[in-house]
């Protein structure tokens with residue numbers, strides 16, 4: 001293989017690929033990134049056997065070939081090279097990377113041992129511009145469960161509800177839900193998919209900075225594919241039934257307070273300094289005013305007051321401040337509506353005007 | 001020939017041809033799900049395995065299968081169609097609140113004024129012959145505060161329920177007598193408080209806080225050994241409360257007379273009331289405890305399994321509970337009840353964690369350090385009194401702590417005869433039982449040994 005490529009492009013490709021490369025002692029080949037020439041482009045691949053990524057970048061190909069390079073070495077090297085053009089030449093399993101100022105030889109492996117990354121063979125279900133996907137999935141993985149006790153909760157559910165494309169994630173303590181309207185869902189029948197959180201995070205990483213490029217989603221045989229012109233991400237889906245989270249969203253609202261997002265966030269962050277071991281802060285709402293209080297036996301206490309607009313009676317609720325801050329990342333708009341649904345019931349966060357997203361927190365009992 | 005047998009044969013051949021890692025990566029969770037005259041369908045767990053088997057091992061797999069079924073022409077691979085699970089029985093609305101409650105419980109159960117944890121009650125305390133006396137004494141104290149057994153001194157080994165009894169007594173006092181001034185404190189924390197108050201020049205304030213109490217409970221009182229200021233303050237507080245007939249309860253891991261570096265005036269006061277010991281529980285008690293704990297945790301465990309846990313863990317109730325928790329956790333994780341065999345395996349790995357062992361070298365070094373003589377002198381032939389005594393103590397400790405044989409001990413200490421060692425052992429043993437200073441010495445040397453193991 002003899003190719004010449006742009007360092008910036010290579011760097012971008014590697015940063016998209018390297019996060020899923022994990023230390024794997026039983027199959028050391030997985031710690032590599034595979035390089036293949038492919039129709040006048042260079043194809044880079046990495047996988048951990050749960051997620052696989054192919055990434056294509058333009059290159060001047062003088063001689064076809066393939067090789068696997070240890071991901072860490074390649075990434076550290078490319079990040080520190082300052083020359084713009086790199087020439088990659090392989091001799092057996094040795095990789096020579098040369099540029100104006102550097103001459104490097106990296107020990108690689110034969111690509112024969114490298115797993116084959118499955119390709120999508122069916123038609124795309126949904127095609128959306130990258131920015132739409134980013135908007136849909138943004139910050140949603142925060143709410144998915146970390147513990148493996150219930151595998152289905154570790155993923156993000158994607159489904160179609162009433163003509164909207166809808167994502168949801170919950171760990172049992174809070175629930176995030178966001179929807180997207182449009183006429184793109186003709187092919188997608190309603191059965192929900194559960195996408196592993198790592199897959200969604202990886203997708204966000206690949207799509208970072210991209211705006212209008214189309215990203216197609218394909219599902220076949222328990223696998224999900226996200227493809228763009230220059231990359232393809234494949235992952236397994238999580239088996240299992242996602243709980244019926246709609247039941248959790250209360251229909252009745254007792255009172256509703258509208259506050260400014262920035263002030264609320266500031267108040268919560270301030271109170272968080274004095275929260276106790278379970279990260280609890282107290283929200284007391286009375287007469288168009290929100291008081292955020294927290295006290296810690298070892299540190300002290302704080303009271304922050306924020307003006308707002310209240311409909312209904314005042315209320316008091318104790319919540320985990322991490323959940324509240326995560327929620328603010330889900331909800332759009334400058335005005336945030338806090339809805340109280342009765343004692344012991346969840347607290348619901350919505351945008352005052354935008355109804356595309358919803359976030360629900362179970363209160364702490366005291 | 002069944003599909004399973006065919007596939008096992010293929011696996012057998014592939015296993016020989018491949019490295020272990022390769023084999024497990026690509027052939028785990030594969031099986032033949034169907035076959036007709038000329039085609040076999042193999043189920044694989046994911047897309048990566050499918051691609052790999054199709055592209056790399058297809059030829060080998062066909063060859064292996066055709067050895068048994070020559071008519072087969074084709075092998076197809078399909079991704080495991082995992083039968084979709086039945087809908088979740090417990091819906092999410094039920095699931096959320098009880099998780100939340102668990103989270104907050106740890107915080108809410110400890111009363112911030114009395115330091116008592118509501119979780120500890122007499123109802124959840126299993127009474128057996130090992131702790132009958134202590135239990136009865138505590139109940140008597142609850143009924144007659146400050147009148148019958150004052151002070152009450154409980155002692156017993158690690159993890160046998162001292163703290164549970166103390167806390168339960170405190171809780172019961174609060175419950176039966178309304179809001180009384182009760183305080184539960186560990187001596188460690190008391191020391192910290194005292195240091196803090198000395199620093200802030202408000203010792204009197206702190207003292208008066210304790211003087212106003214109706215019931216004072218101090219856990220792990222042996223920790224005040226060697227801390228003179230703490231002993232001073234406890235002495236003052238004790239006198240004050242005692243003279244007003246207020247109840248005082250202590251716990252310790254050893255009887256008062258065995259606590260080293262404790263002032264005589266305090267020791268005699270500790271011994272002045274009622275001393276009750278808690279020893280290791282017998283089999284029946286252990287089983288009863290396990291049953292109670294299993295019920296508390298809402299787990300129906302087979303009696304045979306509980307019996308096995310009770311037989312394997314003998315010395316410590318906390319470890320007993322730990323072993324039970326482990327079994328319950330594994331049950332929940334795999335969502336099935338383990339059978340006795342699996343439990344045995346599980347606990348074997350759990351109990352065999354290496355423990356730190358005292359070595360003869362360590363004992364000899366601790367002894368020579370304690371008496372301030374060179375280590376070499378222990379093994380020399382000298383019969384000076386200041387050497388002979390430490391040597392005998394060393395022999396005694398070697399026998400007690402390492403269970404070495406008498407001839408072996410003689411060998412270690414300069415090739416002495418085993419009868420010499422037996423004599424020394426008996427002599428020190430007798431002295432330990434009858435002579436208070438001797439007992440002290442032994443305890444202090446043992447402390448040195450244990451401390452150096454820990455580090």
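Each residue, glycine too, has its Cβ placed from N, Cα and C.
Lifted from TrEMBL, the feature list:
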DOMAIN    A:1-118  domain 'DNA polymerase III beta sliding clamp N-terminal'
DOMAIN    A:128-244  domain 'DNA polymerase III beta sliding clamp central'
DOMAIN    A:246-365  domain 'DNA polymerase III beta sliding clamp C-terminal'
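Confidence in the domain 'DNA polymerase III beta sliding clamp N-terminal' (A:1-118), given as mean pLDDT, stands at 90. Across the domain 'DNA polymerase III beta sliding clamp C-terminal' (A:246-365), DSSP assigns 25 helix, 55 strand, 40 coil.
Counted with DSSP, the domain 'DNA polymerase III beta sliding clamp N-terminal' (A:1-118) comes out as 29 helix, 54 strand, 35 coil. Broken down with DSSP, the domain 'DNA polymerase III beta sliding clamp central' (A:128-244) shows 27 helix, 45 strand, 45 coil.
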